[in-house]
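Feature annotations, courtesy of TrEMBL:
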- 13-338: domain 'RNA 3'-terminal phosphate cyclase' (DOMAIN)
- Gln104: ATP binding site (BINDING)
- 184-286: domain 'RNA 3'-terminal phosphate cyclase insert' (DOMAIN)
- His320: active site, tele-AMP-histidine intermediate (ACT_SITE)
Amino acid sequence: MDGDRVEIDGGIMEGGGQILRVSTALSCVLGLPLRVRRIRAGRSQPGLRPQHLSGLEIVRDLCDGKLNGGEIGSTEITFTPGKIKGGTHIADTKTAGSVCLLMQVAMPCVLFAASPSELHLKGGTNAEMAPQIDYTVMVFKPIVEKFNFTFNCDIKRRGYYPKGGGEVVVQMSPVKELSPINLTERGTVTKIYGRAFVAGALPIKLAKDMSAAAVRCIRREIRDLYINIQPVREPDDQAVGTGSGIIIVAETSTGCLLAGSSLGKRGKNADKVGIEAAEMLLQNLKHGGTVDDSLQDQLIIFMALAKGVSRVKSGPITLHTQTAIHFAEQLTKAKFTVTKSEEEDSSNDTYIIECQGMGMINPNL
């Protein structure tokens, strides 16, 4: 069997957990045995962290696969996938490791399962270095569903750094195949909305301050739009620990969604959190793409699996996206091209990511 294993170097390009997520998910979907070496070699603490291990374990469980080297700190794993079956599965990082990153590795797998799946994902819902769960629900979900599938994401409890303790339940039915997407028309921004939240020991005033600072910042650039950023105090029975943050979404006339977000932490001024998110949103609006920096790389695996040609207009291509494309091409027969977008104002740094998808057909349906 080992002669047929796909060999992945986890230390090149972005050099982080994303390489593991993309390659394990594709290994599971395509039934390809995998070896990943030099896991997270580009990180200060290389090897598997609890969140990466939980992600590997849920993929293993989804398909009755075999995983070797699955322990914390391990820098090499081998994975042999079985048949993807669906059903109810639990992944628990037991830390503030991101539930959204668990969802990222599991979702492509359950799309090609034999029956519906219910995933109970436990850990941090609003974690640094990962999409916040609010981003996943408000931006990722409506856009990724354009590939012609739907999922339900129920936030049972929110969990914050350092303890985690959050839980989301994702329900999803399998599909026969994915449709390609065409996101090349930005349109004009029609509304801006969001939520600024506090939980645990923090007062609602902080959420109001984050929201007000963000609105002031956006107003300097965009004067005539109504901006609605709701300050929220998370109910105590629906949040574990103390946390704060903000997400702001801009919606356009063509249905594009772009966002900016930021998390509070001890000693960080609430105004600064709001301004950070607002500046990120404005930055994402400036380039004229149809997706923001956080969504860009998350769409790659679906483009690779879809049937037909997908096209997405984006801002500057992130290293995460380049990495996702590299490994998607290595594992699937998909072909990506990235070209500078010519049409408008040439001062815009926009690109068209085009993918001839492999047209994965669900063998289990």
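Cβ atoms are placed via backbone N, Cα and C, with glycine included.
The CA atom of Gln104 (ATP binding site) is located 14 Å away from the CA atom of the residue listed as 'active site, tele-AMP-histidine intermediate'. In the domain 'RNA 3'-terminal phosphate cyclase insert' (184-286), the DSSP tally of helix, strand and coil residues is 36 helix, 37 strand, 30 coil. Here the Cβ of the residue listed as 'active site, tele-AMP-histidine intermediate' has 20 other Cβ atoms within 10 Å, regardless of which shown protein chain they belong to. When Cβ atoms from all protein chains are considered, those within 10 Å of Gln104 (ATP binding site) total 23, not counting its own.
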